[in-house]
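> I'd like to ask you about the structure that follows.
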């Protein structure tokens with residue numbers, strides 16, 4: 001692989017624009033979009049995210065929980081995969097990585113802190129590293145909580161966050177390894193990103209999360225409106241992601257928690273809800 005395909009930096013470099021033909025989100029009237037993003041449903045409720053830099057043709061897939069649906073997609077889209085990006089070690093996010101690496105000779109990038117617990121990494125990433133997909137660059141954000149080494153990939157322009165199992169639409173990941181304090185701090189990091197940030201999480205959990213969100217904030221008018229829209233989308237078998245950080249700030253009880261004690265109580269309640 002040549003240096004024009006992949007670069008890892010320690011500073012943020014080229015901005016990126018994202019369009020979403022799979023979800024039919026219009027960006028008409030803006031300007032050319034160098035990075036195309038599409039969702040590939042895998043397993044029972046996971047999403048793998050497929051990225052293509054339209055300038056160089058470089059492609060990447062984020063969190064391939066299984067290989068077959070991704071191979072089917074790639075073969076219809078030109079048969080190229082250059083990078084495999086992993087947010088954390090759980091098998092439903094990594095299960096297809098090795099088969100995809102072998103089939104397409106793609107390089108695998110993931111959290112250095114979890115490299116002993118996932119498929120072999122060609123690129124071990126740390127907090128604030130930058131990873132380029134062709135001409136488009138993401139910043140790595142360490143977000144311990146769901147797992148201790150969990151990372152997110154953030155593209156700055158327009159702001160787009162690929163956050164695995166840390167921040168969900170109307171929810172957040174369970175604390176399998178980290179503490180409530182760690183997850184609260186991780187969400188606080190993400191909450192510092194711009195309102196317009198698109199939130200690409202790893203699961204279609206929104207409808208399930210909505211019941212607890214309404215339990216936690218029964219008087220939240222914005223939440224009630226959003227839940228109605230979620231029900232409509234799911235009744236039509238349409239995805240509810242990506243959401244936006246602005247939307248999560250208004251409706252997600254975990255992101256709205258003002259302190260770690262409130263967050264911890266919400267997480268305990270949700271675990272048994």
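Each Cβ is built from the backbone N, Cα and C atoms, and glycine gets one as well.
Because TrEMBL annotations are produced automatically, they should be read as predictions rather than curated entries.
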> Just to be sure I read the record right: 92, 93, 203 are listed as binding Zn(2+) 2 in TrEMBL. Which of 36, 53, 165 is listed for the same site?
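Zn(2+) 2 site check in TrEMBL: besides 92, 93, 203, the record includes 165 out of 36, 53, 165.
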> Quick check on the annotation: TrEMBL has 88, 90, 165 binding Zn(2+) 1, so which of 146, 188 does it put in that site too?
146
> My understanding is the cutoff is Cβ-Cβ under 8 Å with a sequence separation of 6 or more in the same chain; which residues meet that for residue 146 (Zn(2+) 1 binding site)?
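The list for residue 146 (Zn(2+) 1 binding site) reads 88, 164, 165, 166, 172, 173, 174, 175, 176, 177, 178, 183, given in order along the sequence.
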> For residue 92 (Zn(2+) 2 binding site), what is the secondary structure by DSSP, using just helix, strand and coil?
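SS state of residue 92 (Zn(2+) 2 binding site) = helix.
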> So if I draw a 10 Å sphere around the Cβ of residue 165 (Zn(2+) 1 binding site), how many other Cβ atoms end up inside it?
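The answer is 26.
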> If you average the pLDDT over the domain 'Metallo-beta-lactamase' (45-203), what number do you get?
96
